[in-house]
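Down below is the structure, laid out as C-alpha cells.
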Amino acid sequence: MDSGESGQRVQPRRVEASATAVVWFDVTVIVITGTGTGVGKTIVTSAIAALAGASGRKVAVVKAAQAGLEPDGTGDLDTVRRLAGDVTTREMVRYLEPLAPATAARRSGIPTVTPAQIAGTAVDLSETHDLVLIEGAGGLLVRFDDTGATLADVAWALGVPVVIVAQAGLGTLNATALTAEVLLRRGIESVGVIVGSWPADPDLAARCNLEDLPVAAGGPLLGALPEGAGGLDGAEFLEIARAGLSPWFGGDFDPEQFAKAYNIG
Ligand SMILES: Nc1ncnc2c1ncn2[C@@H]1O[C@H](COP(=O)(O)OP(=O)(O)OP(=O)(O)O)[C@@H](O)[C@H]1O
Ligand SMILES: C[C@H](N)[C@H](N)CCCCCC(=O)O
Ligand SMILES: [Mg+2]
C-alpha cells in the first residue's frame, strides 16, 4: 500500500509545547490498535473521544470493520456513542460472524473494505472534525481482505500516529513488543501504550507491567482505564477518562504516580 492509493497523507499537526500543555492533541487523525481483540480498544477510543468532546473538539470515530456484535445486537460504535456522547460515527462494513474481517467477508460474500477507503473516510471527516479516531478489528495485522490489507496500511497511508491498547497482565509484554516492532519496521509512529482494562486487584505481573510495558511498547504509558469503566454512564465515564488518560489526551494520568500507588517504580 503506498500513499498514492489513499490519495493523500494527513500531516500530523503539533501544537507548541508549553509548561502544562497538551503536546500532540492537535493531531487530527489517530489510529487505535491493540495487542488483540477484547483488550479495550473501544473503551479507550471512547475515553479519548469523551475527553476531546468535553474540551470542545468535534470528534468522529471510524470503525473500519465491525465483525460480530454484542449479545444485545450492538456494535462498537454504539458503545462509543453511549460512553462519549456527541460524536460522529462511521461503521464502514459489518459482518455478523465474530471473525477476522477477511474471514467473515469470505464466508458471507459481503464486500471487504480497503485501506484506501478507510483512509479516505478519515480524510473526509478530518475536514469537518477536530479529531478523527480509527479503530480496527482485533490486533494490528488482522486482515481486512485476502490480499492481506490491515490497519497498519491505513496508518501508513495516512501518515498518522498509532496508539497501542494492551492488556494488563501476564502475556501482554510479548504481544505489545510484537505490535511495536511491526510499527517501527513499517515506519509508523507509535505514540505509546494504554492499558485497556486495569484490574481492581492487580496481580504481581500486572503491577510489574507498569514498568515493563513502556519498554515493550517503545513509548510511554499514556493511560490505564479501570475495569468496569465501560459500564459507567457518560458523566462518570468522563471523569474516569480524565483520571485514566495522560495529559496528551487532556487527562490527568501520571504513570509514575500510578506505578507508585502499586509499589512499583
Ligand atoms: N475498562 C473496561 N471497562 C469495562 N469493560 C471493559 C473494559 N475494557 C474492556 N471491557 C469489556 O471487554 C470487552 C472487550 O472490550 P472492547 O470491546 O473495548 O475490546 P476491543 O479491543 O475493542 O475488541 P474488538 O477487537 O472486538 O474491537 C467488551 O465487552 C468491553 O465491554
Ligand atoms: C470478533 C472480534 N470481537 C473482532 N471483531 C475481530 C477479531 C479478529 C481477531 C483475529 C485474530 O487475531 O485471530
Ligand atoms: Mg472494539
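Cβ coordinates are placed from backbone N, Cα and C, and glycine is handled just like the others.
Remember, TrEMBL labels are computer predictions, not curated facts.
According to TrEMBL:
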type	residues	note
BINDING	38-43, ASP76, 135-138, 196-197, 226-228	ATP binding site
BINDING	THR42, ASP76, GLU135	Mg(2+) binding site
ACT_SITE	LYS63	active site
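Filtering GLY38, GLY40, LYS63, GLY136 by Cβ distance to ligand 1 (under 6 A) retains the following recorded positions: GLY38, GLY40. With respect to ligand 2, the binding-site residues THR42, GLU135, GLY138 contribute GLY138 as residues with a C-beta closer than 6 angstroms to one of its atoms, given in sequence order. Here GLY40 (ATP binding site) is positioned 11 angstrom away from GLU135 (Mg(2+) binding site), judged by their C-alpha atoms.
Less than 6 Å separates the Cβ from ligand 3 in the case of THR42, ASP76, drawn from the binding-site residues THR42, ASP76, GLY138 in sequence order. Look at the binding-site residues GLY38, GLY40, GLY136, GLY138 and count other Cβ atoms within 10 Å of each Cβ; GLY38 has the fewest. There are 25 other Cβ atoms within 10 Å of the Cβ belonging to GLU135 (Mg(2+) binding site).
Neighbour counts of Cβ atoms within 10 Å were compared across the binding-site residues THR42, SER197; the minimum falls on SER197.
Each residue contributes its Cα atom, and for the residue listed as 'active site' and GLY136 (ATP binding site) these two points are 6 Å apart. The record gives THR42, ASP76, GLU135 for Mg(2+). Within 8 Å of the mean position of their Cβ atoms, the other Cβ atoms in that chain belong to ILE32, LYS41, THR45, SER46, VAL61, LYS63, GLY75, LEU77, THR79, VAL80.
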